[in-house]
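Reading through the structure tokens given below for one structure.
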Amino acid sequence: MSSPIRIAVTGAAGQISYSLLFRIAAGDMLGSSQPVILQLLDIPESGKVLDGVLMELQDCAFPLLTDIIVTHDPMIAFDQADIAILVGARPRGKGMERKDLLQTNGEIFREQGRALNQVVKRDAKILVVGNPANTNTLITMKNAPDLSPENFSGMLRLDHNRALSQVAMKLNQPVSHIRKMIVWGNHSSTQFPDLSHAEIDHQKVIDLIKDQTWVENSFIPTVQNRGAVVIEARGLSSAASAANAIIDHMRDWIFGTRDDDWITMGILSDGSYKIPKGVIYGFPVVCKNGGRKIVQGLEISPFSRTRLDIAYDELTQELDSIKHLLL
């Protein structure tokens, strides 16, 4: 059996982690033969809840779970971690936009970036989930200057999965048949779920739907606003679906995307698709051998261009308000 992989998870006492940790320990993320060590971080106020999560993980008797470390110190949680999943953040409540969380959560991710810079493995894969995820990814990255930008990504996989699901329901097709979906931009209501390149069995989804009104007036706003609708229905933000998206994101990043397909990942812009450098932006990427590359050469229509730029403009506004948190 392989040596254990160390996985740090922040916000370990929270809702998303409660849906995530047991799946990681069961092998859903790294496979049925890969042992893991969970290094769990949360704030001291979460104490008894985190103790309860620890007891439940122990009581599952997972064969792959070699050890569990519980701490309130990011230096301990991130020490020699191979994977760091940064879930912990102040949650978004009813009527609250992600931009309202920028200041509070920005401080959290600055501290965690500095800790990662000191103690995480140099080839670690670091996924930022806590909102606003794109800008928090940049804050974390900028406060870990000894690590490569290739180490970091922000999660747009939940948005990507939501888009796949809407198309699958519309066309009464299995989700697994849909390829080449993209969600451009920010993990916020300005994101642009883009069907123009999506395919089912080598047929263009847009040609199968034949309803641009549905695309513009139903599909796009449904995906953009799904998080807020879930909060309205549950009284809490998406948890199980977010945990599932984390599993999907990390599995594809580590083991590679399937042939003739790509995924959406928030990564540092390199100027592709006329998105200026310096922001974490949702791009279509392919993953291979543990790395990722932006898919190049896709045609961007005027309709799409407008929406790509709207998302970029929002990200620059977010950055303007947290510049003091960047190194």
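Just so you know, glycine gets a Cβ as well, placed from its N, Cα and C.
Look at Swiss-Prot and you will find H187 tagged as active site, proton acceptor, backed by sequence analysis.
Marked as NAD(+) binding site by Swiss-Prot on the basis of sequence analysis: G11, A12, A13, G14, Q15, I16, S17, N105, Q112, V129, G130, N131. Annotation note: Q15 (NAD(+) binding site) sits in a helical segment as assigned by DSSP. Note: Q15 (NAD(+) binding site) has non-local neighbours P91, L236, S237, A239, i.e. same-chain residues 6+ apart with C-beta under 8 A of its own C-beta.
Other Cβ atoms within 10 Å of the Cβ of R162 (substrate binding site), summed over all protein chains shown, number 22. Residues or ranges marked as substrate binding site by Swiss-Prot on the basis of sequence analysis: R92, R98, N131, R162.
In sequence order, the binding-site residues near H187 (active site, proton acceptor) (Cα within 10 Å of its Cα) are N131, drawn from G11, A13, S17, Q112, N131, R162. Cα spacing between Q112 (NAD(+) binding site) and N131 (substrate binding site): 14 Å, rounded to the nearest whole number. Spread of the NAD(+) binding residues is 20 Å (greatest Cα-Cα distance among G11, A12, A13, G14, Q15, I16, S17, N105, Q112, V129, G130, N131).
With respect to N131 (substrate binding site), the closest of these binding-site residues in Cα terms is G11, chosen from G11, A13, S17.
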